[in-house]
Each structure stands twice: as C-alpha cells, then as structure tokens.
C-alpha cells in the first residue's frame, strides 16, 4: 500500500477513535531500534505526578508498537522500563492531557529510540583489585576503527560507557604519564548489560623530584631507587646498570637510577604502586658533592608522585676560551678580567682558567690589539665547569685616501663611509681621515663596502677616486690595507634618419638633476648627422633626441661616465607616429594610398594609442571590431599631427541556444525598444560540426559515404548590433522544439568590451510519461502531481485511467516540470516497480473481522482494539455488535491487543498472519475483573460542580489501589477499575485542580465493592470564599455620633483611605467587601469636635485579610468637655471687653440702631446734577459717648449674629 494511503487510513482511524472514545484518550507510539532487540521485554508504564501507577503494557513483539489508554485529563508521566542496562532516548515523556492540544489528543506518535547498552569495566593496579581515576578509556569498532565512546575512570578505577551496540570492539587505555601492562585489547559486547571481565592494568606511575644549589638547578645528579617489595623487572624506563663511583650504604640491591636534567628535574617514569627509598648521588669530573637529604621515603598508590622535598647540592676551578668566532680559533695574549679576581692571559690556544669560584653571577671582560670584545655576564654553578666562550665582537678595518693636493684638495678630514654589503636599509657609518689620509673602523665579521666621500663641490670640479669603493670581507682577523688613490670624458654619437634629418636637438641631462643639461642643435640635409659633447664629468646621464612626430628605435639613451670616454651612441628613426583616440577596443587596418603593399594592423585599446608608420604619405584606415564606429573608413597624413578619432555607436550582443535535438527552422526575433523594430536573426550551428563539413574543411578525397547523424546537444549562436542602453526583447521560434524560457528581455550594457553572450535558451521536445499495471488491471487511477520549483506556481494534477491491458500514457508535458506519480484502486495496494517508477505492481489487500464477547456470549461494545504491523496501525472501538472490521491490509504479520478497563481478554494479545487477499475472523472473550462507581458532585444549594477531582483510595488489604475521576459539566463522575471485595475511601483529591474547593461533605465515604457497579454516590463541596467582610461599632454617647467618621487605610499607604464611612445616627458601621489579598489594613476613627472644647483620644485598630473571612472591630470614643476656667485661661485677654461691649449694645439698641441707619444712608446718597457733588458727608458721626459700646467693626465681625438674634 502506498505510504500516503497508510497515512490517510491512520489519520481516519485516529479521528474515528477520538470521536468514539468520549470517555478515554489513547497515547500510542513505537519503540524504535536500528538493531534487532526483543521488544516484548520492554514495558511502558503510565504514572500520576504523585508516582501512582495508572496503567502498564508491553510492546508489540513485531514492531515495538504500544498503546496506553488515559481515562482522565491531567498530568501524567509516560515512562519506558526496559531491562537493566538498555538505554533509550527519551526514557520518559511528561504528558499534560487536555483533550485538545496535547500529542495524545491530536493522535501524534510518542516514540522512544534504542540508543544502545551500558558497558562497565575496571582499571586496577598491577596485582591489586582497585585502581586510579583519570584514565581515559576509548572504545573503537574493530572493523572501521571508528571511536564510539571515550570515558574516564572514576573512583576505585571503575568506568562505564553508554549507548554501545553489540559487536566486536577494541578497548584502549590512555594516560599522559602512566604505563599499562596491555594498553589495548579486543572485547566483545553482547546484548543486555555487559561487564568487561578483563581489567585494564596500570603497570606503573611516575615519581618526580628536583635538585638545586643555591636555588639554581643542577643536572646529572644520580637518583637511585630502592624497595623491599618490588623487583627490578617490575620497573621500567630507568637505568638498571651500576652507578659509577656509588658506594651502597645498605645491603639492599638498587632497582635502577635516573639523572637530573638541565632544569634539575629527575623522573622515574614507571614504577608499580608500593613504597620506595630515593637516594641521591652527585660526583663531578674531579669532585664529589654532598646532596641533602641523603634519602627520602616515597609511597606510590593511585597517582603520580611529586617528591615534596627539594634535594640540595651543598658546597670548584672553571675554565674558558677566547675565540675569533664560534667556529674560529683561539686568540693568544688576551687579558681576561673578573671583578675581585686577578687578571689572567690566554695561552696560545686561547684558553684561560679561573680558580676558587663560588656559585654566582660574574661579568667577564677581555682586551687585545685590533680585536674588540663585549663584556659577558655568566652564571657560574657546579653545572658549569666550563665557561661560555668569549668571542671577538669586532675587528679593525683601516686604510688610506690619496689625492693630488695641487688642485686645492686636502688629505685631512675627508669622510669615509662604511656600508654592510647586501644589507639594505642599514645606515652607513663614517669616519674622517687624519692628516696623512689614514682612517680606521671597528667592525663585526662580515662583508663591507668602503667608500670615500667626494663632496658635491669636488665632484663638480671633476674629482673622481679610483676605485670609487672597495668590498672588504672581515672574518676572523683585522684588515688594515684598504687604500684609495685620485678623471673628464667625451661623449659622441650619430643620428640616422629615413629621409633628410633637417633640424634636430640632442640633449645630455645628468640623471636625477633638473639643471646642468647640455643641448646640441643639429641641422643636416643628409640622412646621417653626428654629435660630440666635451668635458663630461663622471656620472650618469640621459641622451635624448627631440622630434616628437617621428618614431625612434630609442628616443633616450642611458650614458654612464666613469673613468673613460663614451662613444658610439646612435639614434635611429623607425617611422612616423600616428595617434588614434578610440572609445572602445578595435583592430586598426592601415594601407598607403599610393602603395597598397605598405600596410599593417594594430590593436587599439580604449583611449589614445600610437601607431608607427614606416613610410610617409596618406594612409587609408579601416576597423575590425565587435563595435560599429561612426565611419567605415578614415584617412591619416603623416605630414599632419592631428590624431584620428574613433567613436563607437553600436555594439554586438550574442545569444546561445542549446537543444537536445537538431532543428532547421529556428528563427530569433529581436525587437529593439529604442527603434521599436523587430529583426529576424538566423542562428548558426556551432556544435557539433557535421562530418560532411569536416571532410570539406579537411580536403578529404575519400569515396563518398553517408555519414552518421550528429549527436547532440546542438548549440546555436546568434548576433545582433545594438546601442548601449537599448532594451531588447528576444524570442526564439521553432515548430520542432520548445524553448525555456520562451522569451527574455535584456538591457544592453557595454563596457570596454562587447557584452558577448547575454542570454541563453534551452530547446527541448515535449515529454510523455507512460507505464503499466502488473498484473493488468483496468480503471486504476494514475495521478501526476506537479512538483513546483521555488519560483514556480503549482500546476493542477493530471489524472488518467489505465486501460484493460493495464497501460496508460500521459502527455505531452513541459520538459521543465517535475511530477510525482501515484496510483490507487479500491481494495488493492499499488507499489512502484524498482526498475520503472512509472509502473506499478498491484496486490490485493486482506481483511480481518474481530468479534469481542463476554463470558455469556453477549457482544462487548467500546472495547479498544489496537492492530499494528509494518507501516499500518489502527486503534478503534468495537461497535454495538461487539465487532470491528479491518480492511485494506497488506500481506504482513500483525499484532493485535485488546483493551478495556475493568476487563481482561482471552487472548489479550496475538500475532496474526495476513496473506494476499485473505479474509480472517477472530473471536476474543472478555472477563470482567473490576467495577465502576457513579455519582454526582454538587454545591450546598444543589447546583452541579464540574471539574472536581475525586479519588478512591483502597483501604486495609487493598491499600495499594488508587483510582481517580473528575466530574463533568453536569457534576457527574465515574471512577473505574475498582477491585472486587475491596473497600475504598472516596474523597477529594489533593491537586491544583481543586484549589477552588475548600472541603467536601462528607469528607470521606466508604465504598464497598462486591461484584457489581455502585451508583448514586453524592458529594457536596464548598468553594473558596474570595472576599473579606469588615464591620464594627463605636462605643460613644449618641450626641457625638454626627461628628464621627471611620476610615480604612492600607498599612503601607496611610495617607490615602480605601473607604470612609460617616456614622450619622447609628454607632454600627460596615465597609464594602475587601479582596482576600492577605494584606494588612488599619481602621481609624475621626471626629469634628473642637479640641479647644473637648479632650479626647481617637482609637485605631489593625488586621490582616489572611485571618479568616470576617472581622468585627469595636472602637471606644469618650470625649470630655473642658471647664470654664480653662476656657478663660486659654482665651484672649480681649475676650472680656468684647463681652462687656456686646452687653451694652444689646441693652442700648434703640439708640444705636437709628444712628447706624443714618450713617449708612449718607454713604449711599448720589451726587448733584451736572457733576456737582452733593452736600459733603460729615467726616465723623455726631458726638456719641463711646464709653457705652465697643468700636463698630468689632460689632460686625464678632457679635453681629447675636445682635440680629436679639
């Protein structure tokens, strides 16, 4: 059966199962392995988060398929439990079953892959049962040497490698220092956990130490190893011969010895684990030194040993040499000095000796005639009986400069330069001659160039020293005979012309100078002219002929005047110069109009090019190029200096067509966007070349014969001239082949060269797809599905039916398209033939009918049947008839598993062999082994409570059983799998799903399971209260209630009240409900009573909403009125006069009121007509006895309310 059909059937089976199984969900998948393993030994278990086992099953023995039913939503752990040492990835999977988005609800596989076995081994010390950690153990395949594991030994030498498949391997142990008896040996890994019987044995460990004298390392000190338990043959990589000059202080036989290196380090590379004694011994060429300590005990267990104590050499003449060089000979008579010591002189062979030296750092100096030495700082220790050689650093290099003093020149203070030979960028050193012309340098061995300096003034006067310089080689002795002694020249030549020379100029210019040039003007009517330049000082010059319109063999000649005359300079005219300025490269053809034999060609590059013409006259110019210029022909006259200007106006572009088959009718249509004109271009076949053309081109005269047809691919090219920037639409046309792409649009972009091939087409014939069905089968649906490229749209599928011969043919199709071919026919599996992917082999499918009944023969519906085999699997429930029909089964072996909670089945699992076209019937008998209980969860008012998790926990002898259930939207619940003859406690499950429930009533109830279903269980639950109520009262006299308010604050925000309540006429208060947010609050009482009249304390109280669901707070408030004495004492001293004045006004109001009224009316009276003011208002009221009442403003502000009341 095709893979896609299996996938469709699988999806349909999963969708069907999910639709039917309203009361459970299946989780399935495969245990996968690249090698053959026994799948039936692997168990798959389902656990709750608390670790309770919900379900367990084994895997299908044929393909490792497993299926687990889950009856409740929630979190679970799906865990693989294979035999010990079998490793899988992953080993477990966390499941969050929500019925919608999890893998199980979506019908997706949960797969486990076998990664190998665990292999254990051990590293031990030789002759012991335990060993060290830190040994690297690698395992390689013996056949390919591929490393599959590398581990490190742990404590006691144990190592463990994982994910190892059965096979033959090579085990290798490695350590940077330790040695092994057998570092590599073969092992064989079989199935199941493997222990490597053969251990890795450590042959020995290394012992390391150090020896020094006055903190300086000492080499060549002997260290001898002794042991009471180890034999000589057990140690290795150390010298077992006797130590020269060593006297053994004990009767023990030494095992071996080693010597310290130049860093003072000694190492015994490999000694077995044991206890040892290390004895030092040091004897020089003429002396034996004491080394402390005289011996050390060392214990070797499971690691390298570093001797903690450093050996010290306690308490010598040294000699040296003075040489000309490192490989040179000794220098006699050199005085060697050391601070604090007597000077010594070297002997004939250059040797010297210093006596009575202690370890330390010294500076050595040496002196000799014409030889120079650098001071040497050396460390002298017993390790250096011979001092480093003192080498000559420099030698004298001397000579003399001799000049004729009669011309005003002097010998004294002439500069002489010294340059190292063959060393660029090294600055020269100089010195001055003495009164006799002598000079000297101090130089290191090497090659040098000695040059006496001639001043510019002297050089201008013609001073030339011979030789100008000398090469001197200094090796191992001084050089004192480098001498220099104290030259004008004539430069001459000729000029050869094609015609008469006429007026010419020859210039002789000093090299590197802008002045001092000498010019000779020549005027000759012949073809030859000569010239001479006198009194030329030594130096480098350039001789130049001036005539820019002519061509010369060499226009400039180099002249070097040293110590003799220069002659034979020749300037030869080779032609006449023509300048060409061109915008693009081209081949220029030129010919003399009077003589076509005078002609030639020249490749021109962009810009200005120069062409040299052999003969004078007028020339005809033409071009050959992939560019087209303004003119087809140009002219040039050698008598004129005007350049030729070539400007390209069009450029050649090319295209290419590659066709699998030849075609004779190909036309390329090119439309110019610039001119909007279309041009037909016929391409040329450039490959392959026909045999007839080959014979013609090769002038073959053989007898004519019919040549074989040429073989493709066939390549055609076409060309077209276009302007730069023109947009061309190019369309190839043919009746025989198709082109890809059918058309292109290109923009002509020209640089120096032509664009060349700017577009390519592929020509291919259309294709047909045909195939057959074996054996012949009519009506098979053949579907061709287009596979689009990344930038291509998908084409519609193409379908055809096979004929009665089982054949089909589809086409024509575009050759650029790719298709997948599939076939389908009801009741058949169609598989592609391996040698022809367009043909199929038909195989009739099988079917199985499974009938499930109980012990009484009644059909069992809702039983889960899991069938898997090959790439097929299906999980479905039996129908009301107890039957399930599996169809379209390929010939294969299938594994059947029957599942339904509370039932066991016979057989529980079985293997079924399905042959081609077979129809099988299988009967399964179910036996009930457990029961369910049913009930409802409600609130106190009878409303159903959905989503409440319950559990039935086994009691007494059934304590290991725990079953769970969750109430649905109607509050109904069902708990399955209750074992007969068991008592269970039904109670709320402690889980996050029940966070909204406080308690249930009854908290627990006992369920007694006998041999039947239990119904009508009721559980009442109480939800969590999510608010906090706050109320209280104020204990106070009723007359003060209107002045009181109660405010509520959060303790961390005492400035902003959350709620405020005014008491009014009742002493009881209640705040709006608070959120049960576990925060702290504070209640405060506030009063509007004046503290000048009453004394009181405002009470407060605090609480937290975490403390229950309700809080009642009582606040006492007892204000006390203050006494009169207190009021007067506290009042202003003006209070008494004010009271007296108020009393006077009250008793004399009949006199005072008319006076006040009169004054008020006078203030309001208007001014006279014409702007004349009214009679002036008196500035003061009539005389009144002011002693009877207080001032008027005091009456208004302080006592006015009392006056009105009176």
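Heads up, the Cβ atoms here are built off N, Cα and C, so glycines get one too.
TrEMBL assigns the feature region 'Disordered' to residues 1171-1206, out of the candidate ranges 1135-1170, 1171-1206. Under DSSP, the residues of the domain 'NOMO fifth transthyretin-like' (396-484) split into helix, strand and coil as follows: 8 helix, 41 strand, 40 coil.
DSSP states for the domain 'NOMO C-terminal transthyretin-like' (1026-1119), grouped as helix (H, G, I), strand (E, B) and coil, give 6 helix, 53 strand, 35 coil. Summarised by DSSP class, the composition of the domain 'NOMO seventh transthyretin-like' (579-649) is 0 helix, 44 strand, 27 coil. Predicted-model confidence for the domain 'NOMO-like ninth beta-sandwich' (766-842) is 87, expressed as mean pLDDT.
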